[in-house]
Amino acid sequence: VNLRALTSWVGITRLFAVVLSCLTFSLVASTGNFEAPYGTWCMFTWCFCFAVTLLVLLLELLELYSLLPLSWDDFTSAFSMLAALMVFTSSVIFPATFISSPCSSNRCARQAVATTTSCLCFLAYAVEVALTRAKPGDISSFLSTVPGLLKVFEAYVACLIFSLLDKYNEQPGLMWCVAVYSICFIITLLIIIFTIGRCLTYIPCPLEKMLVGYNFLALLMYLTATVLWPLYSFRGRSRPDSCSQNCWWNKHLGITFLTIFNLIAYLVDLVYSTRMVFV
């Protein structure tokens, strides 16, 4: 038994994340009000993060992780980053969707407390990401470096874009943007999977330079999507007077901002990757 898995700073943050995520989904479940796609997504996020974090703690406590055919440090770094992003998204979506004003009922109070614990859970995962991030010059675990963490961010933002896609078959420019999101997502996801599965060493080419080239290409592709998506989405079309949560205008505006976020992420990724390889 490795008690350091629970007593180290990383272990303590994981324990906080387990308790807070469990408390969050328990409070939301007690209200019985988490239907519809957004509520289902939030509940899945808290339950998924709770289960995987608890599994990570048990495997490290019993020192069984070395038996798994994967890079454990890469897996835990990628998961902590993914969990932080998922819980942050849920912490924003849940109160915006389910908490109404004025908040005076008992159910609303529990929803407010659940939102607070969800935000604290996000902070716990963010602290874990900071604690496990590779120090300058240490590249033994790629997904714990800044470029590796950005790969997880880029893939997650692409998933958010896919969830908002609506009516893009009518315009060739929008179809190109969807192709950009899909191609970059698939390649980025393969990089993450191959890194965790220790398969990158089998690629018969200079891996570091290949990643720099891919980041440059992805940056150019996202640059075109950043221009074409709002151009073809909003040209000659104003916001409808009655625009609810599922309104196409809101979804396309959200995709515009998410595209900009990923463009910035790929730019920072390119800068850090270039420094790691050539500097």
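Just so you know, glycine gets a Cβ as well, placed from its N, Cα and C.
Under the heading domain 'MARVEL', TrEMBL lists 5-137, 142-278. What TrEMBL lists as transmembrane segment is 6-29, 41-59, 79-99, 111-127, 139-162, 174-196, 211-232, 253-272.
Confidence for the domain 'MARVEL' (142-278), expressed as mean pLDDT, is 88. Listed stretches 79-99, 111-127, 139-162, 211-232, 253-272 were compared with the transmembrane segment (6-29); the greatest number of C-beta pairs under 8 angstroms is found for 111-127. When DSSP labels each residue, the domain 'MARVEL' (5-137) comes out as 109 helix, 0 strand, 24 coil, counted as helix, strand and coil in that order. Through the fold, the transmembrane segment (111-127) approaches residues 13-14, 16-17, 20-21, 23-24, 27-28, 31, 33, 46, 49, 80, 83-84, 87-88, 90-91, 94-95, 98-99, 103 of its own chain, all at least 6 residues removed from its boundaries and within a Cβ separation under 8 Å. Panel annotation: around the transmembrane segment (253-272), residues 145-147, 150-151, 153-154, 157-158, 160-161, 164-165, 177, 181, 184, 212, 215-216, 218-219, 222-223, 225-226, 229-230, 233 of the same chain, lying at least six beyond its termini, place a Cβ under 8 Å from a Cβ of the stretch.
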